[in-house]
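Novice: Pasting a structure below so you can have a look.
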Amino acid sequence: MAHLRSLLLLSLAAFLFISCRADPDPLQDFCVADFQTGITIDGFPCKPASNVVSHDDFFFGGLAVAGNTNNMFGSNITAGNVQSFPGLNTLGLSINRGDFAPGGVNPLHSHPRASEIVFVIEGELLVGFISTANVFYSKVLKAGESFIIPRGLVHFQYNTGKKNAVAITAFDSQLPGVVLAPLTLFGSKPAIPIDVLTKTFQVDASVIQLLMSKFGQATTPYN
């Protein structure tokens, strides 16, 4: 019985360890994502190695180009994930560029599949997240400084300076995913019932309708 109990505990520990990992380890040198097969799996199938080329599959130049911040948030996020950088498939990492006009914000959001590190290149950014204990952690970062965002927690970046700011963010997932709070809550299709939102936020329906009118047609700062 003691042996069986130990075996069960060991199995549970192994299961928890595996389930807490961001992305699975690769089983070959590389697995460049093949978007042409039409096959849907938890990830992407591998392109035949004979079809892999350096300049298409292992190179991504998107982070060298400043994003257009002319939108309601005053920010632009250029995503270097597996969908734009196929060579990342199965490697468990990705990288974004964030451009921020003065007062620009990457609005409250979360990444369900990854932790994040923010590294400021230019300007200054207030970076913060909220823990499950409802504690707000934040820091104003200047060029050369970094901040960690734990996996799945709601967070933001906000340009507190008078000049444009640029940041690089790295993730431990090939496709971190992003849930933008304002678009999710007030711009979903179909819409969340107004009664649910008024009860949730303890406000009148007119307030919810105003927010829906603002975010129902809003475009994401992510591209």
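Using N, Cα and C of the backbone, Cβ positions are placed for all residues, glycine too.
Whatever TrEMBL says is automated annotation, not expert-curated.
Just lifted these from TrEMBL, have a look:
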BINDING   Asn96, Asn106, His111, Glu116  oxalate binding site
BINDING   His109, His111, Glu116, His155  Mn(2+) binding site
DISULFID  Cys31-Cys46  disulfide bond
DOMAIN    61-209  domain 'Cupin type-1'
SIGNAL    1-22  signal peptide
Novice: Specify the count of other C-beta atoms within 10 Å of the C-beta of Asn96 (oxalate binding site).
Specialist: 23
Novice: If you draw a 10 Å sphere around the Cβ of Asn106 (oxalate binding site), how many other Cβ atoms fall inside it, taking every protein chain shown into account?
Specialist: 28
Novice: Checking the spread of the oxalate site as listed (Asn96, Asn106, His111, Glu116): what is the longest Cα-Cα distance, in whole Å?
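Specialist: So the maximum pairwise Cα distance among the oxalate binders is 14 Å.
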Novice: Could you give me three numbers for the domain 'Cupin type-1' (61-209), the DSSP helix, strand and coil residue counts?
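Specialist: Grouping H, G, I as helix and E, B as strand yields 25 helix, 58 strand, 66 coil.
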Novice: Most Cβ neighbours within 10 Å: which of the binding-site residues His109, His111 is it?
Specialist: His111
Novice: For Cys46 (disulfide bond), just count the other CB atoms lying within 10 A of its CB, please.
Specialist: 19
Novice: Once the chains shown are all counted, how many other Cβ atoms turn up within 10 Å of the Cβ of Cys31 (disulfide bond)?
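Specialist: Its Cβ shell of radius 10 Å holds 21 other Cβ atoms.
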Novice: Out of Cys31, Cys46, Asn96, Asn106, His111, give those recorded positions positioned within 10 angstroms of His155 (Mn(2+) binding site), comparing C-alpha atoms, in sequence order.
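Specialist: Near His155 (Mn(2+) binding site), where near means Cα within 10 Å, the recorded positions are Asn106, His111.
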